[in-house]
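So the structure is just underneath, and the comments pick up after that.
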Amino acid sequence: MGTNTIPRPQFMNSEPPRMSTTEAFNDEEYRNSNAQSPMSPYFNDPSRMSGECSPMMMSPWNQTTNSPFSKPQWSQNYDQTAPQNALIGSLVREEGHIYSLAASGDLLYTGSDSKNIRVWKNLNEFCGFKANSGLVKAIIISGQKIFTGHQDGKIRVWKVSPKNPSVHKRSGTLPTLKDIFKSSIKPSNYVEVRKHRTALWIKHYDAVSCLSLSNDKAYLYSASWDKTIKVWRVSDSKCLESIPAHNDAVNSVVCGLEGLVFSGSADGTVKVWKREQRGKGTKHEAVQTLLKQECAVTALAVNPCGSIVYCGSSDGFVNFWEQEKQFAHGGVLKGHKLAVLCLDAAGTLVFSGSADKTICVWKRDGMIHTCVSMLTGHDGPVKCLAVEEDREAAARGDPRWVVYSGSLDKSVKVWSVSEANNQIPQHMADVDSFPPSESDGSYSSSGRPNYN
């Protein structure tokens, strides 16, 4: 690919994926990328591990720290009177890059490359616990259970003590030792993971990049840089299926309605899977390929009613598809200069966090999306997002969202965002929303914020 060119994505029903091995890159790498250079994020080397092109490895903010777990040094800022969209809290600590967030009610869980998982309540540290499985790349909450995915390919399961909610105890690991022992007896349970190396099919042999729960909370999906998605039954922690999903690292997996599952990969594709019951197990069939492009797919999100699927990519674009129209391509959201690293959706709003250090707030009206706000304040790439309803504001008749953003600048920021984002701020006055394109019949929305 030539300098300063962005490949046009292809939207399709089914085609073999193309190879691309990148998750995120900085300004200089983005401007000077060259597909023939081994240093380029677009260069494909079959012998290279997927983890070698992760945001951590490619980030200029990659500075390993060894701050002791027992000595928190967070600084806090809090503003009780927030305007329509505002930063209401900032948590900064020299403990490591923030790679994962999960919110539940008034609790916030944060994971970093320090191996510590901290729990926050009302912007104050509530408790914390430590995992010994590498940096925490994914966190998901299901009732009193917390699942964490790690760089070393392990998934840890934690339980909240019924007597003391500040106490979290590890209750297991996926797969369980019992299942590993039972599987290891049969040679047929070993699969080739790379040349001259085999591993049990129930285990991830590379980093766990993402976790997602089915809507009924019965199944846990884990995506990995080992190119697979594994399906776990939550009730007994059993691995039911290993899906050879993509030709490169799987960066994101998200569950939709009616047994649909969506996956995005560094190979540039977005796939749709359909879950079917097979006796006591499951079987997932690939039913559609929504996107095929040269640059990596880095993030996925589904809106609350399950009608729209969003996809963020390393080119800085967000594509979306409409389920009611058999996943017809709905358009492209253009609001970032660098890779989109995380997505979330709540109400009629969509949030995209980027390597350009900003968060775009998109307002959806039908299929038209407009960037109504740009949240700035991070000094590094925005790696993860979590959104919760502001219940106090809702009780006052002012629907708002509490948005948490984690960054490779080692900070977590807390924002108050209004659902009623109807007015475009003055500095966003050049944001346009376009009618259907004649070429593909899709809506395209473009955000061009003023960075000067």
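The backbone N, Cα and C atoms fix where each Cβ goes, and this holds for glycine too.
Owing to the predicted nature of the structure, the values given are computational and were not obtained by experimental measurement.
Going by TrEMBL, these are the annotated features:
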- 1-20: region 'Disordered' (REGION)
- 201-242: repeat 'WD' (REPEAT)
- 243-274: repeat 'WD' (REPEAT)
- 290-322: repeat 'WD' (REPEAT)
- 333-363: repeat 'WD' (REPEAT)
- 426-452: region 'Disordered' (REGION)
- 433-452: compositional bias 'Low complexity' (COMPBIAS)
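If one looks beyond the repeat 'WD' (243-274) by at least 6 residues along the same chain, the residues whose Cβ comes under 8 Å of a Cβ in the stretch are 9, 17-23, 50, 53, 206, 209-215, 219, 221-231, 284-302, 306, 309, 311, 313, 319, 323, 327. In the predicted structure, the repeat 'WD' (333-363) carries a mean pLDDT of 97. For the repeat 'WD' (333-363), the DSSP counts in helix, strand and coil order read 0 helix, 20 strand, 11 coil. The residues of the repeat 'WD' (243-274), classed with DSSP into helix (H, G, I), strand (E, B) and coil, number 0 helix, 20 strand, 12 coil.
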